[in-house]
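Visitor: From TrEMBL, here are the annotated features:
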| type | residues | note |
| --- | --- | --- |
| TRANSMEM | 35-60 | transmembrane segment |
| DOMAIN | 140-196 | domain 'Potassium channel' |
| TRANSMEM | 142-160 | transmembrane segment |
| TRANSMEM | 172-193 | transmembrane segment |
| TRANSMEM | 356-377 | transmembrane segment |
| DOMAIN | 361-441 | domain 'Potassium channel' |
| TRANSMEM | 416-437 | transmembrane segment |
Amino acid sequence: MSETFNSARRQDENRKMCLNVKTLCVKFSLLLKKFFTLFFSYFGLMITVILCMSAGASIFEFLEKDNEVQECFDTFKDYHKMENMTLESLKTVIYSSKPESEGLMPQVVGILETFRDNIFYIKYDGRDCAMYGRPEGPQYKWSWLGSFLFVVTIVTSIGYGHIAPKTVWGRIICIAYAMIGIPLTMIFLASIGNTLATMVRFMYGQLIHCGCCKWIMKKSSKNKLIHIQSNRVVPESTSQTGLVPNIQIAKPTEIIRYRIRTRERDMVDEKLYISTIQTSVDVRESRNIDSVSNLYESKQTQVKAHFDPQNIKRMIQDTQQTNTIVQQQQSLIADDNESNGDKNDIEEEPRQSVPLTVAIIIMISYIVIGAVIFGIWRNWDILQGSYFCFISLSTIGFGDLVPGTDFTLPSAHTELIFGSIYIIFGLALISMCFALMQEEFVEKMNWIGRKFGVV
């Protein structure tokens, strides 16, 4: 008896352990689902991209800032050598030639031109390397704001080329960072573009359906409704009140409860059907038995076996396990319905098409606004500003015009901040315009194809 009790206890512990493992697996899967849902949501992507850019700016500042100062000292050493060599060459030419000789001046000009070309080659601009970072000295190109603009040009694949990593680790980190940052930024810009496109469609739909147009459409729809109601036969049940019975739409939770009740009812019906079949079979068997008492005794034995404590305990445990699994399935179904409910509603709603001219006007307006602002800061004309904005937003990035590189101006840091924000938001706006133009462009192409008989 004790061995049977111990075996039953071990079986109970194993069942509880299995249930705990299944429950932990379900909770872990739900946690992962919530994490990825938050990660790929608009807010999660935005926070991830901002943190990624900020971390990248800090890393490149740490790797390249000291190297910038060291390069300045190395360049100054090369300049000092060239300066001494030029002075020696001039002394030699001047002392070896007479002042009134005709060959003196061409030799001096040649020496000075060589010195000028060498200065351009080593890119020395006369800065004082010992005063780096001070208010009266040269400013760092690899400051945090400068590094942030560099990171923006990496993840958006613009690549101005105004600064580039020179250290070994800087170049390695740049490759790894681009492999991670570019896809993440493209996903972020695409999601923001789709959201902005939905907002523009809604605003455009509200704009074209407002005022007189909306009043005319309401009036025409009201007249049509009156015409239909006048020709419709009203049922007798509603003729006295004049009301149409309300049609109620079931909620997702009610559908789940209905399915569960239906499943339980089917299980009960199945058990009743099996018991009925067993009873009919038992009746047929009883006809072949000589004595009804034998049948009664066999049934009594089955009832005793059925109501055995161990069998009842096993049935209770199986029922509890089944209920646990059903509850987990119910929670999963409810979570799926809650997460997909809004998406299904959005997909079922008809989209408002936006003309191509509206998307083109939005892009041109954004470029012109940026051209005006950068033109005020950098003294660019409208053509130079528009050229810079178009080259940046089209991710061509020649790098011949870059804001925030002249640190002698007081607006240099403001240019860096505004330039980074302008590029990121502008690329999202371009993605929005492409999303708006896609459907209209496909419709135009299909219309042209039908006109020419191609489609």
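Just so you know, the numbers here start at 1 and follow the chain as drawn.
In case you wondered, yes, glycine gets a Cβ from its N, Cα and C as well.
Keep in mind that this is a model prediction, so the values were computed, not measured.
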Visitor: Report, as numbers and ranges, every residue of the chain located at least six residues beyond the transmembrane segment (142-160) whose Cβ falls under 8 Å of a Cβ in that stretch; write 'none' if there are none.
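Guide: Non-local partners: 49, 52-54, 56-58, 60-61, 64-65, 68, 174, 177-178, 181-182, 184-185, 392, 395-399, 402, 404, 413, 416-417, 419-420, 423-424, 427.
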Visitor: I'd like the per-state residue tally for the domain 'Potassium channel' (140-196) from DSSP, helix first, then strand, then coil.
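Guide: Helix (H, G, I), strand (E, B), coil: 41 helix, 0 strand, 16 coil.
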Visitor: Take the C-beta pairs under 8 A between the transmembrane segment (356-377) and each of 35-60, 172-193, 416-437. Which stretch has the highest count?
Guide: 416-437
Visitor: Sequence-remote contacts (6 or more beyond its ends) of the transmembrane segment (172-193), Cβ cut-off under 8 Å?
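Guide: Sequence-distant neighbours of the transmembrane segment (172-193): 40, 42, 45-46, 48-49, 52-53, 56, 59-60, 63, 151, 154-157, 165, 424, 427-432, 434-435.
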Visitor: Go ahead and report the DSSP secondary structure tallies for the domain 'Potassium channel' (361-441): helix first, then strand, then coil.
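Guide: Residue counts in helix, strand and coil order: 60 helix, 0 strand, 21 coil.
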Visitor: Under 8 Å between C-beta atoms and at least six residues away from its ends: which parts of the chain pack against the transmembrane segment (35-60)?
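Guide: Residues 142, 144-145, 147-148, 150-152, 154-155, 165, 170, 173-174, 177, 180-181, 184-185, 187-188, 191-192, 195, 339 contact the transmembrane segment (35-60) from elsewhere in the chain.
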Visitor: What residues elsewhere in the chain lie close to the transmembrane segment (416-437), defined as a C-beta under 8 angstroms and at least 6 residues from its ends?
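Guide: Sequence-remote neighbours of the transmembrane segment (416-437) are 145-146, 148-149, 152-153, 156, 158, 189-190, 192-194, 196-197, 200-201, 354, 356, 358-360, 362-363, 366, 370, 373-374, 389, 392-393, 395, 403-404.
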Visitor: Give the mean pLDDT for the domain 'Potassium channel' (361-441) on the 0 to 100 scale.
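Guide: Mean model confidence (pLDDT) across the domain 'Potassium channel' (361-441) is 89.
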